[in-house]
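Written below as structure tokens is the structure these notes are about.
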Amino acid sequence: MTEPNLPIASIKGVTKSFGATIALQDVDFDCYPGEVHAVLGENGAGKSTLMKTISGVLAPTSGTVFAQGKPVTFKGPADAMAVGFVCMYQELSLVPDLTVRENLLLGAPGSGLGRLKGGALPKARELLDQIDGEHIRFGSKVSDLTLAECQQVEVVKALIRNPKLLILDESTSALNSSVVDKVFDLVRAQRDLGVAILFISHRFHEIEALADRISVFRNGQRVETFRNGDQDYSTIINMMVGQRIDELFPPKVIPKAGAEPVLELRDFAWPPKVKPTSFTIKEGQIIGLGGLDGQGQSTLLQGIFGLLKGTQGTILINGSDAPKSGPLAAKQSDVGLAYIPEDRKADGLIQAQSINENLELAALGRSDLNATDHNIYKPSLDRLELKHGGLDLPVSSLSGGNQQKVVLAKWLALAPKVLLLADPTRGIDVKTKTQIYALLRELAEQGTAILLLSTDYEELIHLCDETHIFYDGGIVRSLRGEDLSAQNIIGASLNIPDVADHKGIADA
Amino acid sequence: MTTLVKPSQLPAWVNIESLLPYIGTILLIVGASFTFPQVLSIDYLSQQLQIAAFLGILAAGATLVILLGHIDLSVPWTLNGAAIVATAMAGSGNEILIACAIPAALLFGAVVGAINGLGVTILRIPSMVWTLAMNSILLGISVLNTGGFNPKGESSATMSWLASGTVASIPVAFLVWMTISTALALLMMRTGYGRYLRSIGFNERAVYLSGVSTKTVVTGAFMIAGVCSAFAGVMLAGYANQAYQSMGDPFLLPTIAAVVIGGTSILGGRGGLFGSIGGALFITILNSILSVMQISDAWRSIVFGVIILAMLLFQTLRKRG
Amino acid sequence: MRDFVTAYRRELIAAAVLAALLVFYLITHPRGASTYVLTIWANQCAILGLVAIAQFFAVVVRGIDLSVGAIMALTNVVGSHLLSGTGIDLAFGVIVVVATGAACGLLNGLLVVYGRIQPIVVTLSSASIFVGLALILRPTPGGRVNYDIADAMTLDLFGIPTALVLIAIIIFAFWLPFRRTGLGLGIYAVGSSQQAAFQSGMPVATIRLAAFTLAGVFAGLAGLFYTFVTTTGDAGIAPNFTLNSIAAVVLGGVLLRGGTGTLIGALIGAFILKTIASLMFFSGIPSLAQPLFEGLILAVAIAVGAADVLRSKHRLEVFGR
């Protein structure tokens with residue numbers, strides 16, 4: 001079998017670039033049998049690119065992947081699976097129009113394009129039951145499952161392929177704590193059988209609970225690798241971020257006395273996904289929305305922007321009712337809403353069009369603005385220091401951070417009263433983050449109400465004046481001041497009544 | 001075409017994709033002239049410009065729809081229906097009806113386009129299916145209306161002039177084609193509507209999220225395409241001095257082909273009217289030269305398919321390489 | 001059971017509609033529910049059914065095949081040359097006919113997968129080539145077919161129309177086992193989410209190639225069966241069958257966005273279309289109104305099928321990805 005001192009998977013000198021963006025730069029990395037090797041890093045640090053390179057989805061621009069010491073070239077995931085590298089992807093690899101059973105059979109080892117072998121199905125059922133998936137029927141269509149259920153199926157799909165190397169890429173983001181614990185039990189059992197585990201998460205407490213070794217990535221490079229427990233939390237965070245946390249964020253501002261509310265939600269609901277929700281954003285405030293993936297917070301943001309039909313309750317902007325008929329009404333000057341979507345590449349920009357064309361797209365429908373007058377974008381572009389090779393080049397030529405600057409400038413030209421942001425710094429370099437944070441604080445001080453959905457605890461803690469944590473469609477806890485801590489956010493996200501009793505939570 | 005422009009001054013819409021059909025057209029004419037010197041005569045070329053106008057006007061409208069990433073398969077019977085409306089009114093003997101013949105036919109095209117657009121935007125039916133159904137319905141109405149025979153009526157003097165007249169020995173049809181194409185090109189390049197239309201072809205979601213009524217934009221494009229189809233029908237009826245059953249059927253594939261070999265992506269977003277003009281010229285000349293060479297219909301059909309595929313392969317493989 | 005009903009809701013509705021139509025047809029038919037009436041009906045349905053299956057394979061991988069009618073015409077013409085013999089000659093003829101279809105489909109697939117041209121444009125152009133070839137092989141309708149095999153295929157077996165037996169063989173001996181293979185699952189996976197299929201280790205290019213080839217095979221089978229029914233070869237049948245194949249798959253619950261629907265649904269859709277056409281023949285609707293009714297029925301069926309969209313409460317959902 002495998003020699004004990006030979007890594008199951010390793011890469012040497014791997015670089016991967018996408019056009020202007022370098023996602024991985026000269027990375028060496030390895031993973032041994034019987035160990036859980038965790039990869040920590042901010043969004044955009046290159047974690048997912050690393051996983052995709054090892055699992056055959058992406059071919060490295062340069063450098064080599066080794067399987068049990070032998071160099072390999074993967075033409076696709078099928079080749080990687082053939083040497084036992086199996087990945088659970090962040091973007092789920094389930095086919096929405098097929099049933100759970102069919103998805104489990106898809107590409108199952110040994111079947112190819114010929115007759116399907118259902119031998120692994122009983123084991124799959126057993127595994128699914130072990131991770132609280134008894135209610136997931138094999139006959140259900142995947143498109144009818146919730147995100148959490150999809151992730152449970154994805155776990156099982158990976159496990160029944162008898163991996164030698166199991167890669168988990170943010171694969172528990174929507175699962176609640178008891179399911180996560182059970183998934184981790186399965187993963188530990190695999191490790192004890194000699195399987196190598198590669199584990200990505202940006203949730204520190206999960207890594208601490210599971211990992212044997214930890215590698216920290218930043219800006220496409222591996223910063224350091226150490227045994228779990230050898231470094232403390234703040235050192236690790238500093239490694240991830242590359243600078244001290246408090247230097248990243250602008251200081252919070254004590255709100256002016258008598259600040260007027262800008263955005264007010266009164267029992268705003270969209271049954272069954274969003275329960276009646278009320279909160280207020282006053283002048284000068286940045287309000288955060290947190291929680292596990294898919295708990296209703298991103299739907300709420302879309303609802304405020306008018307993307308949902310049949311919402312209930314009231315949205316008041318500066319005291320008057322906001323229309324809920326869609327983006328065209330929302331962006332008019334008398335309403336003044338702007339929405340920075342989560343998927344910047346697909347929803348925020350038109351990749352094939354030029355920077356200029358993208359900038360103009362929102363202002364074009366406003367009769368009070370001249371969209372072709374580029375002076376309306378210039379202040380925000382200068383403020384954010386957009387780096388570009390010419391505004392006539394396609395926006396796809398920009399790095400992720402610069403693309404997000406274009407999205408922001410496009411909307412800030414409309415001088416919105418309320419700025420809704422869905423995870424705006426996901427996959428963005430630290431310098432750009434700092435610029436965006438400073439800009440948001442500045443805007444808040446100028447009276448723009450800022451509502452920030454984030455998956456990054458540090459943002460929720462250090463940037464927001466108050467953070468509402470969502471669970472199952474509604475706010476379970478609103479945190480501010482001293483209460484606004486990582487511990488409390490995690491506890492509320494998992495809807496655990498008393499945080500202190502729960503093991504596995506980082507004592508950060 | 002008389003003054004050569006330096007490459008640095010070329011506008012963005014002149015690129016290798018949109019120039020390809022022009023180059024092809026010139027190669028065809030030059031190549032054919034060795035055996036058939038008459039193809040270089042002014043008469044022949046001016047006649048080709050006149051004939052290309054019918055296809056060209058259809059292609060101009062289809063370009064907008066294809067830029068959106070949609071397709072309009074109702075071209076044949078929108079054209080046919082408009083021709084029937086126009087000739088019926090023009091042949092009625094009533095002066096008011098005669099005067100209204102062309103506007104009525106164009107209105108007909110706009111209404112068909114609106115129905116196409118509403119099905120596509122409100123019910124989100126794939127345009128390929130919805131416009132196909134619309135084509136069948138229009139065919140059905142026409143069959144029911146005319147009893148399956150060629151409809152009665154004749155073209156008006158204006159219609160004949162549009163199709164066959166000349167101004168300073170330039171075919172009027174060609175001038176009409178150029179006017180329509182230029183107007184649409186300006187619409188595409190100089191207005192917010194044009195920007196929206198192009199952007200929707202790339203990514204409708206992002207355009208909607210930028211606060212644009214994409215339904216209006218898409219429906220508008222289908223309406224413009226309907227009016228173009230109707231205009232071609234009016235002119236074709238003027239050319240033949242009558243409307244006849246299935247007069248639009250031979251135009252469907254050449255229309256799409258003209259747009260696509262002109263460099264407009266069938267997925268939407270990329271391309272424009274300049275290429276479609278070249279595409280219509282190329283297809284018309286190709287057809288004409290094949291018939292001058294007395295090549296059978298069968299071989300014409302094969303050559304036609306092979307050349308279109310070859311031009312598309314050239315485009316896609318060049319991009320990849 | 002619950003899963004079955006939800007998963008095959010569209011097919012079940014279509015099947016119920018077909019059953020009602022068939023009963024109504026047999027009641028209104030002046031000669032009643034005889035084997036003769038059923039045989040004629042089944043032959044017509046089976047021809048369109050086979051073309052619809054061809055279209056289904058292209059559509060399910062998020063493609064479209066506008067050349068199915070042309071492949072059918074070509075194979076029909078090939079058949080009219082090769083199916084007049086007996087024994088080995090005849091068997092050879094059948095194999096060549098089906099192989100011709102497969103080759104046409106493979107060509108489409110290669111151009112789509114490796115030429116990276118959109119399916120709609122590829123098949124539009126290749127259709128032109130296939131029809132041209134068919135015209136060369138048989139400029140005017142004609143040819144001779146071995147009457148023994150033609151009769152055997154198009155009459156009845158112990159009172160059951162042979163066409164229905166053949167369809168049953170396709171369902172039970174081909175489709176149901178095929179659905180349980182990696183390829184059978186793969187075509188859905190590729191059509192539904194190419195990325196997920198790729199990440200699950202499926203050979204995406206091979207699967208798309210296979211789907212287009214299967215489309216060619218079934219278009220070839222349609223041409224073969226058409227040869228048996230008509231005992232002649234006719235190069236001019238292409239356009240009608242292409243358009244009806246798309247209508248049939250849509251009626252049978254196959255979504256043009258790919259990844260859903262079944263071969264059986266495509267068959268049901270084809271049977272519905274043909275039954276309606278036959279019904280109208282006896283229904284007393286003036287024959288001139290029949291094309292209009294066919295078009296309206298198609299449009300209404302599509303619109304009803306699309307009405308789900310109106311119930312969507314999320315404005316972004318309708319845009320898809």
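Each Cβ is built from the backbone N, Cα and C atoms, and glycine gets one as well.
Curation does not apply to TrEMBL; its annotations are automatic.
Copied over from TrEMBL, here are the features:
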- B:20-40: transmembrane segment (TRANSMEM)
- B:52-71: transmembrane segment (TRANSMEM)
- B:96-116: transmembrane segment (TRANSMEM)
- B:128-149: transmembrane segment (TRANSMEM)
- B:161-188: transmembrane segment (TRANSMEM)
- B:217-239: transmembrane segment (TRANSMEM)
- B:251-268: transmembrane segment (TRANSMEM)
- B:273-292: transmembrane segment (TRANSMEM)
- B:298-317: transmembrane segment (TRANSMEM)
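Against the transmembrane segment (B:161-188), stretch B:52-71 shows more Cβ pairs under 8 Å than any other of B:52-71, B:251-268, B:273-292.
Of the candidate ranges B:128-149, B:217-239, B:298-317, B:298-317 contributes the most Cβ pairs within a distance under 8 Å of the transmembrane segment (B:273-292). Residues 53-55, 57-58, 60-62, 64-65, 67-68, 70, 72, 74-75, 78-83, 86-87, 101-102, 105-106, 108-114, 116-118, 120-121, 127, 155-156, 158-164, 173, 176, 180, 184, 193, 196-197, 200, 247-248, 251 of the same chain, all 6+ positions outside the transmembrane segment (B:217-239), place their C-beta atoms under 8 angstroms from a C-beta of that stretch.
Of the ranges B:20-40, B:251-268, B:298-317, the one with the most Cβ pairs under 8 Å to the transmembrane segment (B:52-71) is B:251-268.
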